[in-house]
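What Swiss-Prot says about this one:
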TRANSMEM  25-45  transmembrane segment
TRANSMEM  73-93  transmembrane segment
TRANSMEM  97-117  transmembrane segment
TRANSMEM  134-154  transmembrane segment
TRANSMEM  168-188  transmembrane segment
TRANSMEM  199-219  transmembrane segment
TRANSMEM  236-256  transmembrane segment
TRANSMEM  263-283  transmembrane segment
TRANSMEM  288-308  transmembrane segment
TRANSMEM  338-358  transmembrane segment
Amino acid sequence: MLLLLAEYLQQFHKGFAVFQYLSLRGILGVLTALSLALWLGPWMIRTLQIRQIGQAVRNDGPQSHLSKSGTPTMGGALILSAIAVSTLLWADLSNRYVWVVLIVTLAFGAIGWVDDYRKVIEKNSRGLPSRWKYFWQSVFGLAAAVFLYKTAPTSVETTLILPFIKDVTIPLGVGFVVLTYFVIVGSSNAVNLTDGLDGLAIMPTVMVGGALGIFCYLSGNVKFAEYLLIPYVPGSGELIVFCGALIGAGLGFLWFNTYPAQVFMGDVGALALGAALGTIAVIVRQEIVLFIMGGIFVVETLSVVIQVASFKLTGKRVFRMAPIHHHFELKGWPEPRVIVRFWIITVILVLIGLATLKLR
């Protein structure tokens, strides 16, 4: 939006041409979203408290979590609002990738909003039935996958890239739709499962989102892409503005979500942010790198799958409780220790993911 204004004002002063630089608009995206989140955060928390929109805590979880009952939830709406406003202000709105990621993010946020709303109204932690949640996730995930497949100008945008391996790619064809569906929906649910402790999900999301922003910037520049042997995806560089907005909004939210949390993001935030990461990774052809950098999300998801499968097959549980962050809590780890150690692991995994740019 402001990019169009800057383009118009260039005829009066050439200095406005500076807004053509992606790096500047990415930074402005961070600062705008961060400012909005910090400014609106206290108001949103008060509003949630007045409306008694509080978190319902399961009785079968860690006993230390019972004190969290009633903490304002649905704070993810703050994150999404800051991301949307910042992106609309600083991104090139003629870029199709910007709209794909923004629409997918808001669509999954809407699913999470309904889920959270039902939890608040019914005063339980179950929310929207799983079958309906997965149904609507599948609808939006498949819609995004089909759109990206149908509008891909070259086969490069539907080819699987293997990190660490030079000149080896796998043409997916229609299989691209299937892979994209699983990446978007899987990432959405993985972040949601991770969002069980104060600040546990948002900081890894910010770190992975920032790293994906680097991939977007490099993939959208033909010279960088050729030098680093990564796919050149014209227009993908514009997503650095969205990634910047995600970083700013996430850090602003963390200000209120850090232990002990004043507000939880709820499914409205977790489902949306996970879907956003998955969609961006698909666009820049870095699905496997997302799997590496988001290792915490992957482990959290696998712990649930293993726990359920083990109990159904043998009647025994592998972990004291799943997702795995609760397992460590029940082993006696204080909540802040679990959170920070998971953050440290994410830093390491993100660095490994970024290393794939050169190690080929």
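Note: Cβ is positioned from N, Cα and C throughout, glycine not excepted.
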Out of 73-93, 97-117, 168-188, 263-283, 338-358, which stretch touches the transmembrane segment (25-45) the most, going by CB pairs under 8 Å?
73-93
Recorded stretch that, among 73-93, 168-188, 199-219, 338-358, has the most CB pairs under 8 Å to the transmembrane segment (288-308):
338-358
How about the transmembrane segment (73-93) and the transmembrane segment (338-358): do they have 3 or more C-beta pairs under 8 A, pairs 6 or more apart in sequence?
no
For the transmembrane segment (338-358), I need the partner stretch with the highest count of C-beta pairs below 8 angstroms, choosing only from 97-117, 199-219, 236-256, 263-283.
199-219
Two-stretch contact, the transmembrane segment (168-188) and the transmembrane segment (263-283), at least three Cβ pairs under 8 Å:
yes
Ranking 199-219, 236-256, 263-283 by the number of C-beta pairs under 8 Å to the transmembrane segment (97-117), which range is first?
263-283
Which residues of the same chain, at least 6 past either end of the transmembrane segment (199-219), have a Cβ under 8 Å from a Cβ in it?
22-23, 26, 79, 191-192, 225, 228, 230-233, 236-240, 243-244, 246-247, 250-251, 253-254, 257-259, 261, 265, 269-270, 273-274, 276-277, 280-281, 283-286, 289-290, 293-294, 296-297, 325, 338-339, 342-343, 346-347, 350, 353-354, 357
